[in-house]
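Copied from TrEMBL, the annotated features are:
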type	residues	note
REPEAT	112-153	repeat 'WD'
REPEAT	168-209	repeat 'WD'
REPEAT	256-297	repeat 'WD'
REPEAT	312-341	repeat 'WD'
């Protein structure tokens with residue numbers, strides 16, 4: 001299994017090298033075609049010199065002639081072709097971390113809007129400028145973070161700052177999940193009405209979807225590939241549905257790994273080289289982002305309780321999962337080994353997720369029994385804060401900004417609350 005993971009990583013690095021080589025030779029169209037065919041994000045090759053592939057081949061040929069292929073392979077730095085993301089990320093491999101918990105900064109919350117029924121999900125854009133919420137009332141509310149901050153300034157007299165930019169109405173059943181396109185002003189939604197809908201938020205008067213994918217099942221979760229040309233859908237079907245955004249062709253893995261349970265959440269890693277599925281049977285499965293082969297099944301990750309969320313760390317080495325067994329767990333991607341466990345928040349009834357803050361120093365999730373947001377030090381697993389959600393009903397969802405100390409909560413009382421760190 002470890003060999004399969006390493007081989008898949010090597011293949012992705014080779015693909016990135018090929019794309020960089022073609023760009024370096026002024027074959028932009030061919031580079032784009034290869035990048036699209038292999039699902040290689042252009043951002044992953046920006047740091048690779050155009051002549052790097054030629055240099056590696058030259059070194060390899062020289063080593064082969066000299067009988068030192070293995071050492072030349074290592075000295076060429078093949079494992080470092082694509083620099084790992086988040087070089088300043090938390091090192092979860094550290095063992096002795098007692099007594100070193102960080103203090104979670106104080107946050108203030110603002111009630112920014114209400115849905116007409118339960119608010120079921122929320123999602124920030126990758127640049128942190130916007131977020132959206134989806135409801136059982138079938139509507140989607142779209143917010144601009146800068147405008148919310150204007151309303152939170154103590155002496156603000158700007159009554160024109162309305163945080164809800166607009167509301168989209170185009171589904172016939174409750175909204176399950178949302179995601180933003182990585183580059184274009186497009187928001188997608190997943191719904192119990194078996195559809196994925198595309199909304200263009202650059203058009204101020206648009207309230208309806210401009211494109212629709214009709215799936216065969218209740219669509220529980222959606223996630224764009226980092227290149228933006230593909231999206232994953234987790235549905236009541238036990239295998240993730242991979243869609244080509246341009247053609248709407250649907251692809252299924254030829255290696256479903258005996259999956260038999262609906263998928264609660266799908267998420268790509270930061271480079272798109274891997275994706276994860278969290279299932280109702282309590283299992284997690286890590287898949288190769290190119291071949292769609294299951295490279296790491298973690299059966300019974302949350303016992304027999306539902307696994308409700310899973311997200312990769314920025315460096316793709318670890319996976320944070322949440323389940324209805326009231327546990328949040330950190331797993332090592334390469335081995336499937338349980339590394340850390342974050343206890344003390346009750347989640348047995350509602351689907352919720354656990355997320356990192358923007359620096360990955362803290363883990364946040366909801367406690368439905370005590371109506372709180374619980375915060376742990378990601379490294380020590382110690383609870384460092386319990387924040388009253390301010391809601392009259394259980395918090396159902398929480399999402400954190402990827403770029404700053406801010407997050408959003410929503411839940412059974414239909415309210416949406418924006419939280420930001422106080423100065």
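Cβ from N, Cα, C; glycine included.
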Distant-in-sequence neighbours of the repeat 'WD' (112-153), which means Cβ under 8 A and at least six residues beyond its ends:
161-169, 171-180, 182, 187, 189, 191, 199, 201, 396-404, 406, 408-412, 414-418, 420
Determine the mean pLDDT over the repeat 'WD' (112-153), rounding to the nearest whole number.
94
Residue distribution over DSSP helix, strand and coil in the repeat 'WD' (312-341):
0 helix, 16 strand, 14 coil
Taking helix as H, G and I and strand as E and B in DSSP, count the residues of the repeat 'WD' (256-297) in helix, strand and coil.
0 helix, 21 strand, 21 coil
